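Worksheet: the structure to be examined is printed underneath.
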Amino acid sequence: MESVMILLFFALGLLFGSFFNVVGLRVPKKMPFANDRSRCPKCNHQLAWYDNIPLLSFLLQQGRCRYCRESISYIYPAIEFLTGIFFALGYSLIGLQLELITALLLVSLLMIILVSDLAYMIIPNKVLLFFLPFFLIMRLIVPLDPWWSGLAGAFAGIAIIMLVILISKGGMGAGDMKLFGVLGIVLGLQGTFLSFFLSCIIGAIIGLVLIGFRIIDRKQPVPFGPYIVVASLITYFFGEGLMDWYFTILS
Ligand SMILES: [Zn+2]
C-alpha cells in the first residue's frame, strides 16, 4: 500500500511538473497559460496529447520535436522528474498530514522558480505573491516551534540578502531577496539561515566547477535562484538531521 501511494505521488508530481514548466516559462513573458494548447517553440506545431506525456514523451522521442526534429531542452523532463521525486519524498517523509500540503506547495513554488530563473534569470513577483498567502495560512494551521519562527525567518531572509546585495553589488538580486522572504515563512528562522549558508556553499562549488571546466566565463552572470531552490529543498526535508549531524561533529 505504502509503495503504491509513493508511486501515486510520483505520478502526480510528474503531471504537476509539466504544468510548472508551462507556468515558469509563460508567466515572466506575460503569456496566458490556461486556455492554450502547447506548441513546439521552434516550429510552432501544435502538440498532440501523446507529445505531452510527462517524461515519457521526451524519452520516446529521444529529446526531439516529432515534427521538426529540433532538440527539446532537458529542463522540461528534469523539472517533471524532480517534481515527481520531491512529491513522493514529501509523502514518504511526512505522510498524510496537513504539513504535507505545505511541502507540496513549497516544491511547487521552487520548481516554477527554477524554470523561470534558468530560462530568463527572473524570479516572477506574480508567482511569489500567489504562494505567499497559502504559506501564511498553512503556518497558522501547522505552526512552527516557536510560532513566530516563520515571521522571523522571513525578516531574516530579506535582511541577509539585502546585506549581500549592498556589499556584493550584483551577486544576488531583488528577486532572490523576495524569494527568501517567502521561503522564511516555511523554513523558519533556523531553516532560513541554514538555507542561506547551503545556497552559498552550493553556489561556490558549482561556480568553481563551471569556471574550471570553462563552461562559463568568470564574469558571466549566473542565476542564484537554482542554488536557493536546491538549498531550500535540502533544508526543508533534511535540515534537522543535517543540523544534528553537524553539531555532533562539533561536540
Ligand atoms: Zn518542432
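Including glycine, each Cβ sits where the backbone N, Cα and C put it.
For 12-90, the entry in TrEMBL reads domain 'Prepilin peptidase A24 N-terminal'. Taken from TrEMBL, the feature domain 'Prepilin type IV endopeptidase peptidase' applies to 104-208. Look at TrEMBL and you will find 6-27, 74-94, 100-120, 127-142, 148-167, 179-212, 224-247 tagged as transmembrane segment.
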At a C-beta cut-off of under 8 Å, are there same-chain residues at least 6 beyond the transmembrane segment (74-94) that contact it? List them, or none.
2, 5-7, 9-14, 16-18, 20-21, 24, 54-55, 58-59, 63, 100, 103-104, 107-108, 111, 114-115, 118-119, 233, 237
Near the transmembrane segment (224-247), which residues from the same chain, at least 6 beyond its ends, have a CB less than 8 A from one of its CBs?
86, 89-90, 93, 103, 106-107, 110-111, 113-114, 116-118, 121, 123, 171-173, 175-176, 179-180, 183, 186-187, 190-191, 194-200, 202-203, 206
Across the domain 'Prepilin type IV endopeptidase peptidase' (104-208), average pLDDT on the 0 to 100 scale:
94
